[in-house]
Amino acid sequence: MTQTPADPQATLIDGKAMAARVRAHVARDVATLQERHGLTPGLHVVIVGDNPASQIYVRNKVAQATEAGLASVKHELPAGTAEADLLALVARLNADPAVHGILVQLPLPPQIDEQAVIAAIAPEKDVDGFHVINAGKLATGGDGLVPCTPLGCLIMLRDRLGDLSGLDALVIGRSNIVGKPMAQLLLREHCTVTVAHSRSRNLADLCRRADIVVAAVGRAHLVQGDWIKPGATVIDVGMNRVPTPEKGAGKTRLAGDVDFAAARAVAGAITPVPGGVGPMTIACLLKNTVTAACRQAGVPLPSPDSSGDA
Ligand SMILES: NC(=O)C1=CN([C@@H]2O[C@H](COP(=O)(O)OP(=O)(O)OC[C@H]3O[C@@H](n4cnc5c(N)ncnc54)[C@H](OP(=O)(O)O)[C@@H]3O)[C@@H](O)[C@H]2O)C=CC1
Ligand SMILES: Nc1nc(=O)c2c([nH]1)NC[C@@H]1CN(c3ccc(C(=O)N[C@@H](CCC(=O)O)C(=O)O)cc3)C=[N+]21
Ligand SMILES: [Mg+2]
């Protein structure tokens, strides 16, 4: 973990490879459930409108779910869908015993209240872990469904560091879907957790004290290399499209919230973007669907303590 002159670069945390291992594990569990109980976990993904980035994510989610042996269905609704119609679909999926997981892709068009839709999903089918019941369970020590992105980050952290107890963790960002649940998970792991946001002062100093930095902001290169404590573990959740004029007009590339090249020279380990948190998010969605299906069917998880389970 310590940097020596012979090893000046941080270890890359290969989220893509780790996600493939989690998915292989999910696939084994799905096969076991089929064999022992005739149970096929079903994941239904709902997308409203034709945001191209959302279309790609949803296609990847459905394809990876299918490959792992889940029954996966995509529901595509037009951009002008009324809230009542989306709520009616959610109600139908809630009532269908073959549906174990429901994901409504965010963001939703402006005429639809996202909170109302999340609240309408049956908490036991809320594989995003966004429902207030699941958020409340995470905050109070219950075993609800945990949001996929923070869960993926935690699996990577535990793979890298083992026991996280007592470590100083900084989470940058306080959204309900990433920052807050990430902070709750790290607290559950006995870290000393600081949560920073747009009003935080001295972000650089907060960062310099952290053994673990999770950046979930949505601003390319916000976190500078000289903010990183030598040897720290850096998890970059950010997914930012930045222009690459050298590749031609209008071309972009994906970048995280961390100045990767600079941070890599100081950190002990760091996730790349792409190939870090993103693939783990999708793998954890499949994992949550299997967890949800087992609970709904009243059967035990085939392998409860596997693949860096949180
Ligand atoms: N890889 C993956 O699987 C996923 C990636 N993402 C990516 O992660 C990033 C964050 O997503 P999300 O949580 O939904 O974003 P939000 O926009 O909901 O939240 C961003 C957070 O960052 C804070 N913030 C904004 N500017 C600063 C700043 N200058 N300094 C410190 N904090 C700041 C905001 O503070 P305040 O609360 O004060 O406004 C807010 O808490 C995005 O790039 C998103 O694309 C998201 C989900 C999944
Ligand atoms: N209800 C809901 N649940 C979500 O989990 C959800 C959502 N809405 N809305 C959008 C965000 C974003 N998100 C990503 C998942 C995977 C990658 C991913 O696989 N990224 C690849 C690269 C993808 C690319 O190249 O564009 C990577 O980082 O390697 C990215 C982003 C889930 N989200
Ligand atoms: Mg948002």
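Positions of Cβ are set from backbone N, Cα and C atoms, glycine also.
Per TrEMBL, NADP(+) binding site is recorded for GLY173, ARG174, SER175. All protein chains considered, the CB of GLY173 (NADP(+) binding site) has 24 other CB atoms within 10 Å.
Look at TrEMBL and you will find 13-128 tagged as domain 'Tetrahydrofolate dehydrogenase/cyclohydrolase catalytic'.
Feature annotation from TrEMBL assigns domain 'Tetrahydrofolate dehydrogenase/cyclohydrolase NAD(P)-binding' to 147-296. Mapped onto DSSP classes, the domain 'Tetrahydrofolate dehydrogenase/cyclohydrolase NAD(P)-binding' (147-296) shows 61 helix, 30 strand, 59 coil.
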Within 10 Å of the Cβ of SER175 (NADP(+) binding site), how many other Cβ atoms can you find? Include all protein chains, please.
16
Counting across all protein chains shown, how many other Cβ atoms sit within 10 Å of the Cβ of ARG174 (NADP(+) binding site)?
18
Over the span of the domain 'Tetrahydrofolate dehydrogenase/cyclohydrolase catalytic' (13-128), count residues by DSSP class, listing helix, strand and coil in order.
62 helix, 19 strand, 35 coil
For the recorded NADP(+) site formed by GLY173, ARG174, SER175, which further same-chain residues have Cβ atoms within 8 Å of the site's Cβ center?
VAL171, ILE172, ASN176, VAL178, GLY179, LYS180, VAL195, HIS197, ALA216, VAL217
